[in-house]
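A.B. asks: The annotation compositional bias 'Basic and acidic residues' is assigned in TrEMBL to 97-107. Among the features that TrEMBL reports, compositional bias 'Low complexity' is placed at 108-122. TrEMBL lists 1-32, 69-128 with the feature region 'Disordered'. Annotated transmembrane segment per TrEMBL: 149-168, 174-193, in sequence order.
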């Protein structure tokens with residue numbers, strides 16, 4: 001009876017079957033020898049719908065980018081006006097007494113008031129960047145020396161707002177007609193102003209760096225303001241030769 005039964009041998013530790021595969025290093029074959037002397041093929045399974053893993057980023061590149069960010073790169077370069085407006089030279093020491101602090105504060109306020117008065121008078125050094133330059137000054141003089149249709153734009157806007165409250169239908173009809181005629185006149189006057197600005201700037205400032213389109217828009221936007229509210233204030237009178 002014992003001879004008919006198959007003999008079962010127990011596997012030793014060295015003959016244990018390998019059930020898993022380890023990740024292969026680059027250049028290593030997928031066939032790996034097991035402790036029992038057999039060769040087992042390692043197969044990598046991938047779930048459906050998943051793409052291959054993206055290549056790992058170069059650590060040297062990442063380190064370089066981190067160093068650039070830490071060094072302050074990436075922020076916008078300050079404009080020339082901002083750089084010139086910064087205080088040059090050594091930073092003054094903080095005030096030691098209250099009297100000195102008040103004196104510095106008064107001096108700073110006086111300098112700001114002087115700069116504001118210079119900007120109102122049209123001093124180029126005190127003007128914001130939008131209004132600086134000989135071309136902008138010439139455009140302002142062109143606009144201020146003529147009677148512009150756009151000068152009554154704000155008054156007409158107030159008139160139209162009042163017409164919306166008035167219950168009279170006839171008044172609303174007349175106000176709509178007036179508004180239509182005004183915008184037609186404004187368009188014609190803007191075309192004439194555009195032609196005059198382009199002509200005078202090309203004749204007197206042929207090397208101007210400002211774009212003609214920006215100068216025209218600057219002049220038209222100024223012409224739609226009431227003369228007393230314009231900034232900087234008008235330096236020429238109505239009808240003066242430019």
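From the backbone N, Cα and C atoms, a Cβ is placed for every residue, glycine too.
Please treat TrEMBL annotations as automatic predictions, because they have not gone through curation.
Keep in mind it's a predicted model, so treat the numbers as computed, not measured.
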A.B. asks: If we skip the immediate neighbours and take only residues 6+ beyond the ends of the transmembrane segment (149-168), which ones have a Cβ under 8 Å from one of its Cβ atoms?
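C.D. replies: Same-chain residues near the transmembrane segment (149-168) but 6 or more away: 175, 178-179, 182, 185-186, 188-190, 220, 223-227.
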A.B. asks: What counts of helix, strand and coil residues does DSSP assign across the compositional bias 'Low complexity' (108-122)?
C.D. replies: 14 helix, 0 strand, 1 coil
